[in-house]
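S.K.: Handing you this structure, nothing more for now.
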Amino acid sequence: HPSLAVSRAALLPPPGGPGEPAGQELPVESRPFASYGSALHIALPQPPRAGQLLTLLIDYEAGEGPGGSGGTPGTPGTGDSGRVCWLSPEQTAGKQKPYMYTQGQAVLNRSFFPCFDTPSVKFTYSATVKVPEGFTAVMSATSWEKQKDNTFVFKMSQPIPSYLIALVVGDIVSADVGPRSRVWAEPCLIEAAKKEYDGVIEEFLVVGEKLFGPYVWGRYDILFMPPSFPFGGMENPCLTFVTPCLLAGDRSLVDVIIHEISHSWFGNLVTNATWGEFWLNEGFTMYAQRRITTEVYGLPYTCLEAATGRALLRQHMDATGEDHPLNKLRVVIEPGLWGINPDDTYNETPYEKGYCFVSYLAHLVGNQSKFDAFLQAYVNRFKFQSITADDTLGFFLEYFPELKEKGVDSIPGFEFDRWLNTPGWPPYLPDLSPGQQLMRPADELAELWAADSLNMEAIEAVDITGWRTYQLVYFLDQVLQKSPLPEGNLKRLSKLYPKISKAQNAELRLRWCQIILKNNLEAEYSKVKDFLHSQGKQKYTLPLYRAMWGGSEATRALAMETFSATAPQLHVNVQNYVKKILGLAAAE
């Protein structure tokens with residue numbers, strides 16, 4: 001990565017063998033490879049033998065790239081300085097001390113250390129990290145210990161691809177929440193994190209092991225990132241990074257963790273060999289996540305959650321056009337200077353269309369427990385390997401010879417080749433009708449609230465106290481679609497349902513803020529401001545700025561005022577996206 005500068009390389013003598021301890025200096029050169037990184041060439045003194053162990057030492061510096069903002073206070077190190085992110089104190093929850101983290105997926109760890117930055121290569125690693133007094137370092141590793149001089153030593157004993165190596169340094173502390181799990185967070189968040197996750201992670205891990213086989217990573221810890229972390233979660237092994245938005249105060253968003261836990265088998269253990277087949281990570285993980293939620297919360301709830309996922313896929317395909325080349329499961333990513341950067345291919349398709357393809361394979365088998373057994377055999381067959389869709393589908397047909405004989409890979413309209421290589425809407429959609437028993441009451445209630453004269457008797461007869469997050473989200477999505485509501489209706493809705501209008505749950509707060517803006521409910525504009533002050537997640541921040549900018553004079557003024565107050569605490573990429581929405585010049 002342009003932000004990483006190599007100063008020298010040397011070949012070290014074999015451990016315990018003769019030779020100069022500083023090693024033999026080797027010629028190093030950087031050659032063009034792609035717009036998002038160059039190739040590092042190191043010339044060895046003589047050709048190595050197959051299987052010979054070589055120890056190379058590479059001296060390098062990272063963090064400051066051409067035009068990047070590596071270490072400048074107040075600007076996170078992103079943009080040209082890759083994904084070693086340096087946060088100023090105001091971008092943290094505690095607002096007292098700076099913080100740094102790395103984000104490797106997809107091809108960004110090349111800005112953190114020189115590596116074979118491709119998911120097709122797996123390796124073990126160890127690291128020694130020295131940090132200033134008053135700071136703690138944590139990494140995605142199977143073991144870690146603190147030594148003197150505030151030095152931390154990490155080892156990952158299982159082979160992983162480069163994108164799963166992650167480091168955080170900050171003012172962070174931990175608390176146990178299960179036999180193999182702890183939460184990490186800034187001191188001001190640790191109590192909330194412990195309360196929210198105590199005992200729940202183990203339940204999900206046990207169901208995952210029952211379905212997919214042993215959990216091989218030892219610990220499963222969760223690190224709550226600062227509020228400016230722009231993503232929902234990152235499944236770094238042993239240490240998932242998540243947004244603090246998951247701390248709703250009532251455990252209503254804990255199932256988001258199920259997605260990251262599912263990556264312990266699909267993605268981290270069995271990995272896509274190229275980013276062009278990202279659906280092998282995400283489509284299987286979505287399927288696994290929904291298998292676990294079905295076991296834990298039941299089928300209707302899972303179908304309702306899957307319906308919200310399908311709606312996101314519909315929105316994405318409507319926005320890009322169905323035949324956009326990214327709407328295929330197998331995306332062509334050619335390296336080279338003009339190739340697509342894998343980070344620019346991120347969208348809903350590998351998740352939700354991938355989920356539909358895995359569901360289609362299950363539908364071909366026609367028996368859930370047989371398909372569960374296949375998934376377990378699949379993980380066992382390919383664990384610690386990187387594979388292609390051909391490997392996956394080949395194993396599927398080998399595992400079910402009767403399906404292979406039937407030629408299920410070439411049923412007209414549902415050919416495996418069509419699934420992989422034709423853009424557009426999935427040819428098969430799993431049946432989500434069990435979710436109807438949760439959707440119907442939400443649809444009916446939204447209808448009642450959209451009426452010109454409110455039938456309060458009918459409204460009060462509906463008890464929403466037992467509704468879980470996705471049922472409330474579904475209800476609010478319907479209210480948003482029917483907005484603006486007749487005069488006065490929203491005020492009454494707000495008063496009747498403090499569970500919604502005063503929610504701490506980020507998914508509910510996002511929808512409530514969108515509804516406030518669409519209805520010009522000025523009395524509650526402060527809630528929009530408070531929500532945008534409290535977090536900087538891209539998924540929540542951008543839709544609200546779009547809604548404010550597309551609204552009235554008053555909401556536009558609110559957008560400008562909120563952005564000028566919160567810009568310093570946002571991730572630089574998110575700052576630039578908001579500037580684009582508000583028509584301001586983006587930062588270089």
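Heads up, the Cβ atoms here are built off N, Cα and C, so glycines get one too.
Curation plays no part in TrEMBL annotations; they are all automatic predictions.
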S.K.: If I go by TrEMBL, the feature region 'Disordered' sits on one of 1-27, 325-351. Which?
M.R.: 1-27
S.K.: Need this for a regression test: recorded positions Gln105, Glu235, Tyr351, Gln538, filtered to those with Cα within 10 Å of Glu260 (active site, proton acceptor). What's left?
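M.R.: Correct set: Glu235.
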S.K.: Excluding His259, His263, Glu282, which residues of the same chain place their Cβ within 8 Å of the centroid of the Cβ atoms of the recorded Zn(2+) site?
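M.R.: Result: Glu235, Glu260, Ser262, Phe266, Gly267, Asn281, Thr285, Met286, Ala288, Gln289, Tyr351.
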S.K.: Hey, how far is Glu282 (Zn(2+) binding site) from Tyr351 (active site, proton donor), Cα to Cα, in Å?
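M.R.: If we compare the Cα positions of Glu282 (Zn(2+) binding site) and Tyr351 (active site, proton donor), the gap is 5 Å.
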S.K.: What's the longest C-alpha separation between any two of Gln103, Gly104, Gln105, Pro230, Phe231, Gly232, Gly233, Met234, Glu235, Lys537, Gln538, Lys539, the listed peptide-binding residues, in angstrom?
M.R.: 19
S.K.: List the Cα distance (Å, whole number) between Gly233 (peptide binding site) and Tyr351 (active site, proton donor).
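M.R.: The Cα atom of Gly233 (peptide binding site) is 14 Å away from the Cα atom of Tyr351 (active site, proton donor).
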S.K.: Could you tally the C-beta atoms, other than its own, that fall within 10 angstroms of the C-beta of Tyr351 (active site, proton donor)?
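M.R.: Summing over all protein chains shown, Tyr351 (active site, proton donor) has 23 other Cβ atoms within 10 Å.
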